[in-house]
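So the structure is just underneath, and the comments pick up after that.
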Amino acid sequence: MLKKKRLILLSSIFAIGILLAMNYFVGRGHSIDKFSDPIQERINEIEKEFDEDFITLLMNNRPEDTLNFSKLIIDNHHPYFLFDASDQLVFWSNFLHSPDLENIDKSRAHQLYEDSRAIYYLRLRNVKRAESTYWLVQLYPLNYKREVQNDFLRTGLNPELFGNNRVQLFSEADALASAHLKSIKGEYIFSIRFESGYQPVTKEKNITLLVFFFSLLSLVVILGYGLVSTIWYKGKRNLAIVYSLGILLTIRAFMLFFHFPQDYFDFELFDSSKYASSWFNPSLGDLLLNTICSLIIFLLILAVFAGKSFQQKFNQFRSRFKPGLFVFLAYTGSTILLMLFYGLYINILSNSQWDLNILSIPSFDYFKLISLLIIFFGGAMYLLFSILGINLVLSGEKIEKIVALRILLYFSVPVGVFLGYYNWVYFIAFSAHFILLFSIISFELYKNIFKLGFNTFLTFFFGCLIGAVITGIASHEVFLERQLQAKVRFGTQQLVENDVMAEFYLAGIMERIKNDLFIKNTLIDPFQSNEAIERKIRKFHIINYFDQYDLRVKVFNAIGDNVIDRLSEEKLQDLRMAYIKSDNATSVRDLYFVKGLEEGFGNRYVVFIPLYRDDNFIGTVFLELRQLKIQPSAVFPKLLMDRKYNVNYGERDFDFAVFEEGRLSYSVGIFNYRALDLEMFQTNPKLKSSGIYLRKYHHLAVENEERMVVVSTPVYPVYYILADISLFFVAFIILTLLSILCFTLRNGVRNFNFNYATKLQMYLNFAFFFPILIISLIIIGLLTNSYREELHRQYFQKASLVGDNLSAVLERQAIGEADRDDFVEMVNNLAGTTNVEINVYDSEGHLLATSQPNTFDKGILTKYINPRAISEVIEKQNNRSLLEESIGELNFKTVYLAIRSSDSQQIRAIVSIPFFESESELDLLIADVLSNIANIFVLIFIIFLFVSYFVSKNLTFPFNLLTQKLKNTDLDSNEPMYWPTDDEIGLLVNEYNNMLFKLEASKKTLANTEKESAWREMAKQVAHEIKNPLTPMKLTLQHLLRLQTMGKLDDTEKLKKPIETLIHQVDTLSDIATSFSTFAKMPLPKNEIMDFRIVVQESIELFKNREKGTLKLEDKTNAVPLMVIGDDQLFGRVIANLIINGIQAVEPPKKPKIEVTLEVKDESKVVLKIKDNGKGISDDLKDKIFIPNFSTKSEGSGLGLAIAKRGVETAGGNIWFETELGKGTTFYLTFDLTSQ
């Protein structure tokens, strides 16, 4: 049967391999249809979504209704725009795109449309509402043409439609095109050409492969489980582990080699872009499967370790070595698993795109849940091995606790000292490991995992706490490592001295100045004051970031003369010769960086901006920006940051100091470097390697030949570390309880019977755990809402401050006291003061001014307001509104504030202030609340565990007392209990005491009854004892009668023996009568040394003269004395009774045949066997043979064998029998031989 199972299992496994191989090699080739069909299907879906949006619009806006934003805003799939008959935009659903109807072919309903922002699939419709005709334009972006590429904005082909950028788009049917995409009705839309290396966006969904694979996998699992279980229960556990390992390794090897399922199906869990660490763990799903397989094998191995047979073999094996060796090896193995468990967490966080700590909880997703599950499995293996490994080496050949603890100390101290010197994080993790091992030995925790009780829960909870400490410390190490790398990057960037943000902003400023018509017209107009050019550049083009720079502006005409200061002898050519050098060049053309080498001269940026009009060179704008100070708190819009610039974004909050030649040059931030002993501070060797901790800050130095930059950050709050530990502790407890629940359900709930104390402790803990969990969640929800409202209040407060200031400028502008440049200057000033980005729109939603023109110049936003702001502020007349917005992958909140005129209260402008950090700020506040609640929750939970333990002990004390009293309750001496209160326990104690009083009364009644019963019993026993001597006396007298008949009474020799027998039996009767007369008791046995052979021979001599039947004695003792201690008369009566019973067991006409055998066993015991040839004893009577008053004979008293058993056992011997129906019974008597 096993061979058949093995064959089917092997065939199924190879079938999986063949299935994957066929799909892997056959499916590697891709045809054009396989590439284009998914794109065509998606285009058709998009067309249907266009239709759904269109129908919803028509349903919300009746033909006779006037169009307004409130009704036109719907929950749409794709952006849409309405143009009137004059091609003017009247509605836009999206402020990220802005099509131009003049560039759209109105004759085509479906077409490819391209502008400066993207290439779109466009759907054009004609709509009539309120007797007016409108054009409805719906867009789906195919290719983004943004200048900025970062983590939030897409650039290139739309990844939802195309797998990669190896595709070309054509608006007309081209001969080079690979496929032509059409609408559902067959109208041509655009063409595509696939280039070499193209990969489709989605994997081909091969349902047949999926069904076959999981069918075969299910078959392998069922067969494999059955085979392994059969082998396991047959006792071949090592072979079962080998089979399990082979099955799991083979399946995993097939999946890894053929890249299943990641190359076949779109499962995010198996997406290597989310997590990938090695070929063996190419995704988080693979890591989960590998961990589960490892856990299965590990549990099987631990089950072998826990088995008694393995422990016996191990005890025999280790007897050849010193006991402490295996204790040391157990510690070493546990420590290795600690390192693997610790490294597992580091591995996940180092190779994934997410964090796993208290700060990541607001963005918790199933990737983090799977990561927690994997870490839990790793921790379970570490904990179980530590407990079972120590149990294995401490069991059998008992090693005292003090010895095991001493070895643990010898093992841990050197490791702890090394780690304490090398890395304090590792030291804390190892200290937790030491506490675990110490507790396992001291409290014998290994005794708690073999039976499910409250101590089992406490053991697992303690293991969860140790695992949480280790994981929390690992989390802190990841944080420190990332922070160290960030400091190195930041410090290196500071050493380079280039201000990447300044270069980024200057690139945009240069482009705007090149396209500024006012500057060009002013430069070539001889009647205009050229000083206006400088004012325009300073007020309009230079943003707040450059407040930390001293700006010089020079304008030169086409021949190189300074048109602002004509008396200056400084020529353009001289400036070019001085600054245009390869050493000063930057990544931006015409922008140069000049390092400040002389004392008192900071770094400078020099800009040459050539101006052209109608392709004619008309002049040059020269800008010189000299760095004065550093402003670390300046606002950096994440959307504007290209990936090449934002390497150090997010690291701008670092404090840092620059040292030159050992002297502090300058510092930025809160930390006071001047209060330090700078010489000692700079010479600390750890400052440049791992960093040092000083004054609640961590400092790290990065240096080159000329300068040293010290980067500082506040120490990571301790309560955050504790919160991480609390988070993992709660997660591990929940997963542990779920694991125990699954184990309980698998084995059957009825198989687990908890005692009252365990139930009480569990109820107490659950009664605490769930309410406080619910309360914590409620508090988190309430505080989150409170923090959200507070943030919103702060946003509105900032918006009101900006609005009040801008309102005054608009009032002045309305009466002609200020122009647009003054308004733009005020916008920039307010943005710098309030540290926010400000956009101002007119009442129709068109942009008036902005503090971040790059956002619009680079095509990130259009110059149209969010349409929902028009609805809320203009149409609904709300003074302010807070809207949730998103640009690409960035989610944020924006405040829109109406600025009204002072007289008519008409809306003159709408102020828009986006808060890009709103989501992260709220997440940080939520994490802060979570950390405090988690710490309090875990602290109270641990305290309550101890409290519940002692409370349950106190509550169960009365029951334990009652149990002990009930155990000692008998008829002799019972003491009443005392309980001080009249509660339920008091009532129970009173009932117990009443029971004792009733028991005392019953005892007297029972004593009288027992006396009467004892007299009757004695009478039966005496009668039986008298009857035994009478039988041989009767036989002897009958023998004398025969002698008389034969005339041989005169022979004295023949008369002597019978007469002696009669005298002996008369003496026995006399002894019985004497004993009965004293107190009607059986004769008290005597403990005297006797020769057991003589007793046997004398007893057999009584039955030798019996005519009916034979009696044979076989002595196998070689005639050696058989000295035993006992009563010879008692032994004689027992032997005589057994012989009589044997004779009476033979039914006529069969003659009795009694065989008596005497032998010595093991030179220490004498054995007497009395065998008859009677009818035997049936199975239903075997257990009743030695019971008093039980007899198979009608005339029997039922006391003979009972007396025999009591007499033999009183003398220290044993009596038993063997029987076979129809063949007879053999009674055995054994007594210990004495050397006396």
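From the backbone N, Cα and C atoms, a Cβ is placed for every residue, glycine too.
Copied over from TrEMBL, here are the features:
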DOMAIN    1021-1235  domain 'Histidine kinase'
TRANSMEM  7-26  transmembrane segment
TRANSMEM  207-228  transmembrane segment
TRANSMEM  240-260  transmembrane segment
TRANSMEM  287-305  transmembrane segment
TRANSMEM  325-346  transmembrane segment
TRANSMEM  366-390  transmembrane segment
TRANSMEM  402-419  transmembrane segment
TRANSMEM  452-474  transmembrane segment
TRANSMEM  718-743  transmembrane segment
TRANSMEM  763-783  transmembrane segment
TRANSMEM  929-951  transmembrane segment
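Contacts between the transmembrane segment (325-346) and the transmembrane segment (287-305): absent, as fewer than 3 C-beta pairs lie under 8 angstroms at sequence separation of six or more. Counting C-beta pairs under 8 angstroms (sequence separation of 6 or more), the transmembrane segment (366-390) fails to reach the transmembrane segment (7-26), with fewer than 3 such pairs. Counting residues 6+ beyond its ends, the transmembrane segment (452-474) has Cβ neighbours under 8 Å at 338, 341-342, 345-346, 375-376, 379, 382-383, 387, 425, 428-429, 432-433, 435-436, 439, 445, 721-722, 724-729, 732-733, 736, 740, 744, 752, 754-755, 757-758, 761-762, 765, 942, 945, 949, 952 in the same chain.
As a whole-number mean, the pLDDT of the domain 'Histidine kinase' (1021-1235) in this prediction is 77. Here the transmembrane segment (207-228) has long-range neighbours at 2, 5-6, 8-9, 12-13, 15-16, 19-20, 23, 240, 243-244, 247, 251, 260, 264-265, meaning same-chain residues at least 6 beyond its ends whose C-beta is under 8 angstroms from one of its own. Long-range contacts of the transmembrane segment (402-419) within the same chain: residues 323-324, 327-328, 331-332, 335, 390, 394, 426-427, 430-431, 434, 437-438, 441-442, each at least 6 residues beyond the stretch ends and with a Cβ under 8 Å from a Cβ of the stretch.
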